[in-house]
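The active site, proton acceptor annotation in Swiss-Prot covers 170 and rests on a curator's inference. Per Swiss-Prot, active site is recorded for 266. Under the heading active site, proton donor/acceptor, Swiss-Prot lists 297, citing a curator's inference as support. The (-)-tabersonine binding site annotation in Swiss-Prot covers 81, 297, and the record cites similarity to another entry as its basis.
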């Protein structure tokens with residue numbers, strides 16, 4: 001084997017990293033282009049917009065019947081280990097468009113930089129930048145587009161900023177957690193905007209449990225964290241991945257008043273329960289809703305099945 005073929009990280013069937021810096025993503029869903037009036041979702045439209053030189057987003061708008069109506073706005077962070085997939089690819093896109101149709105909400109799905117080409121905290125910073133960009137639309141009207149060319153008319157016309165939500169799955173839910181911690185300390189748009197609530201589906205944390213974890217949890221979860229943030233202070237006990245670590249910020253400081261946390265039927269459930277317990281003991285004063293699905297993580301994204309549709313309705317009901 002030549003030196004150029006020597007691997008330093010191999011997690012089949014998803015990703016392989018070579019010693020010379022090359023990255024092979026072995027399993028990826030296809031790109032989906034922007035579209036208007038999608039017939040599969042009753043008229044959901046989506047488009048892609050730049051936010052900065054390194055951050056962009058896909059914005060979704062459900063079919064509008066009343067142009068004076070204001071809709072909840074959701075900022076979505078996708079999962080897949082901080083290092084796979086995209087806001088523009090079918091795996092997460094298909095689910096988001098169906099969620100938008102069910103919840104009748106605007107969604108901003110953030111395209112952040114991936115590891116290992118861009119190690120954490122790059123994705124955390126990108127998602128915060130995207131959230132601040134969304135918040136910058138508050139108080140604007142359509143005439144603002146003449147002078148604010150970086151703003152989006154769908155958000156200006158239809159977003160109800162009193163119903164701003166975050167939403168993420170797996171590592172995306174981890175980004176939601178860290179964004180909530182940050183929003184409890186730093187203001188959005190100078191304090192003009194507050195996050196009402198957040199959905200954390202299958203949140204990705206590394207919290208020590210008393211139960212025996214599977215090889216998947218022990219190896220794959222920890223491997224993704226090491227790949228994404230190899231120099232993380234504290235390693236697996238870094239507060240960004242372990243919210244119960246000694247030096248972790250107080251969960252009572254979450255910058256929202258409503259939370260939906262969902263679990264599925266695998267070994268990560270024990271970790272999620274410990275996270276919920278820590279949140280409840282923190283004294284956080286918000287409304288907590290827990291969805292305990294007797295299913296597997298990937299079933300949520302198989303939108304042709306009744307299982308996925310029922311799970312989607314449960315999560316979307318939190319927004320509605």
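Yeah, the Cβs are placed from backbone N, Cα and C, and that goes for glycine too.
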Residues near residue 297 (active site, proton donor/acceptor) in space but at least six apart in sequence (CB under 8 A):
169, 170, 202, 264, 266, 268
In sequence order, which residues at least six apart in the same chain have a CB under 8 Å from the CB of residue 81 ((-)-tabersonine binding site)?
14, 15, 170, 171, 224, 227, 228
I'd like the number of other C-beta atoms within 10 A of the C-beta of residue 266 (active site), please.
14
Number of other Cβ atoms within 10 Å of the Cβ of residue 170 (active site, proton acceptor) across all protein chains:
22
